[in-house]
């Protein structure tokens, strides 16, 4: 793609995100979401492969439906209350429609079917944008309307998302699909706590975005898309593969790594809210996703493929790892000791 065109699309993405997260009026928030959708479409379909075109079409149709629902929800609220302010979403029907629209935007169960397909059809860099920056505006809208959302509905969506994100990721061999189901599972953790402690949702999202960015950038550096090629990629940059192992375990939420922090705080908050059964259930369901993270981690650091076929070992590159990946990896692994400082903010 032309670098100038690429730059315009990236700037439009940042612009759309900024408009949505800084707006008070529903129409401005909707405008930002639309700019975002239109800016990411060329980045999904830039390879001109039929799979990429299909992914772009699926993304466009789903996001259009979700945007229409956001507009419908805000108009219903304005009709009943005379308010266009985002924080004044008080009508129950409007908040129900908005929850469905945001679930569709984010890819929460039962509106999750588009997300793995779109991520599979996109390049790794676009997949990174779809998993991180594209999720920020909908989460910001949930954050602003959290006081009027239905807790029972969100808890149900969250537990279903964590369950299905774990189950459907177990059988995948394509790394992008595994990361898509991992995203759905993490969104479940964010959705369950948004009503009770919205700041925890944001903390979880920031840490998730940081760890996912590390994984996508690492995979982009070693040029790996499938589990079978991941097994033989350790010879390229062994140190990077070792760090990828730790980042995957961090994303799984194992202590003493960064990913354990949001899970620990969310379980603590749910217990305070007398929701110990929900906390127990979501913790047990996250063990499903732990299995496929361990599978990825095993394939990352394996030194001999587990079958008799002779694989061509790939040449070790002398290319140094980028500073960005080094910083992100360090943060993805070592932020747990500063949790007391994070707790004072939250």
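Even glycines carry a Cβ here, placed using N, Cα and C.
A quick note: this is a predicted structure, and the numbers were derived from the prediction, not measured.
Copied over from TrEMBL, here are the features:
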type	residues	note
TRANSMEM	5-21	transmembrane segment
DOMAIN	23-288	domain 'NADH:quinone oxidoreductase/Mrp antiporter transmembrane'
TRANSMEM	56-75	transmembrane segment
TRANSMEM	95-115	transmembrane segment
TRANSMEM	152-171	transmembrane segment
TRANSMEM	178-196	transmembrane segment
TRANSMEM	202-222	transmembrane segment
TRANSMEM	242-261	transmembrane segment
TRANSMEM	281-304	transmembrane segment
DOMAIN	290-343	domain 'NADH dehydrogenase subunit 2 C-terminal'
TRANSMEM	325-345	transmembrane segment
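Counting same-chain residues at least six beyond the ends of the transmembrane segment (281-304), those with a Cβ under 8 angstroms from any Cβ of the stretch are 158-159, 162-163, 165-167, 169-170, 172, 175, 178, 181-182, 185, 188-189, 192, 227, 230-231, 234, 241-242, 244-245, 248-249, 251-254, 263, 267, 270. Taking Cβ pairs closer than 8 Å, the transmembrane segment (202-222) reaches residues 124-125, 127-128, 131-133, 135-136, 139, 143, 175, 179, 182-183, 186, 189-190, 193, 233, 236-237, 240-241, 243-244, 247-248, 250-251, 258-259, 261-262, 265-266, 321-322, 324-325, 328-329, 331-332, 335, 342, 346 in its own chain, all 6 or more past its ends. Taken as a whole, the domain 'NADH dehydrogenase subunit 2 C-terminal' (290-343) shows an average pLDDT of 81 in this prediction.
If you look at the transmembrane segment (95-115) against the transmembrane segment (242-261), you find fewer than three C-beta pairs under 8 angstroms, all six or more positions apart, and that falls short of contact.
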